[in-house]
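Peer 1: Pulled from Swiss-Prot, these are the listed features:
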DOMAIN    78-179  domain 'Fe2OG dioxygenase'
BINDING   97, 99, 160  Fe cation binding site
BINDING   170  2-oxoglutarate binding site
C-alpha cells in the first residue's frame, strides 16, 4: 500500500528544519547502506548523533504522534530512528535497490524489521528538478514528489530509487517501521476497514452495524498481529 500523509510537519517545523540543515555536517550517505545498495547510492546524509538530526527526529515523531491515519495504516510496533538525507550537486541519486530487511538501531541492541518505508519531504518540489522517489509495485512504476511537510508510506519490500537531481537540492527524512501486522495485504484490509468505519460513524453515528464491524476489525487484528 502506497499512502500519502499530508502536512505531517507544520510550516514552523519546516522553517526550523531548513535553518538547521543549512549549517549541518553532511557526510557520504554510502556509509549506512548495505553491500548491494552502497553500489548505487550517491547522496549525503547527516550523522545520527548531530544536533540537527536529533531536532528533526523530534519534529517528525511529534507529527507522527498526531496522525491517526499513520497509526491506522502502519500499525507501528517499532520504528528505526529517522535519518536525514540530501541530494544535489555531485551526490544526486540513489539507484534501484530494496532496503535491508533488518536494520540495527545505532547504539542499541534493538533490531527493526523494515515492513514499511517512510519518506518525509523537507523542501518543496520547486526547489529542485528531478529527485522523484520512484517505487515499483504490481500496478507499475509510481513517481512521488510531494510538497514540503508531506510524507509517503510504502512497503519495505519495494524496489525503489531516487531519480537524479539536476538542479538545486532535495532534502528529506526517511525511516522504517516494523508493523504489528507483517503482511502489506493484511494491513491494507485493516486500514480500509478502519477508514470506512470512521466514515460510517461520521454519517450515521454509532449503530449496531458499526459496533459489529468494529468487533470484526479487532478480531482480524487479533488474528494477524504479532506483539
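Keep in mind that glycine also has a Cβ here, set from the backbone N, Cα and C atoms.
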Peer 1: Would you count the other CB atoms within 10 A of the CB of residue 97 (Fe cation binding site), including those on all shown protein chains?
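Peer 2: Around the Cβ of residue 97 (Fe cation binding site), 19 other Cβ atoms lie within 10 Å.
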Peer 1: Using a Cβ cut-off under 8 Å and a sequence separation of 6 or more, which residues in the same chain sit near residue 160 (Fe cation binding site)?
Peer 2: 96, 97, 98, 117, 133, 134, 135, 136, 154
Peer 1: Give the distance between the Cα atoms of residue 99 (Fe cation binding site) and residue 170 (2-oxoglutarate binding site), rounded to the nearest whole Å.
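Peer 2: Per the Cα atoms, residue 99 (Fe cation binding site) and residue 170 (2-oxoglutarate binding site) stand 20 Å apart.
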Peer 1: Long-range neighbours only, meaning 6 or more apart in sequence with Cβ under 8 Å: which ones does the residue listed as '2-oxoglutarate binding site' have?
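Peer 2: Within the chain, the residue listed as '2-oxoglutarate binding site' has Cβ neighbours under 8 Å at 86, 87, 88, 123, 127, 128, 130, 131, 162.
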Peer 1: Enumerate the residues of the same chain, 97, 99, 160 excluded, that satisfy the criterion Cβ within 8 A of the mean position of the Cβ atoms of the recorded Fe cation site; list them in sequence order.
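Peer 2: Near the Fe cation site, the remaining chain residues are 37, 94, 96, 98, 117, 158, 159, 161.
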Peer 1: Which three-state DSSP class does residue 99 (Fe cation binding site) fall into?
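Peer 2: In the DSSP reduction, residue 99 (Fe cation binding site) maps to coil.
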Peer 1: On the three-state reduction of DSSP, what should I expect for residue 160 (Fe cation binding site)?
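Peer 2: In three-state terms, residue 160 (Fe cation binding site) counts as strand.
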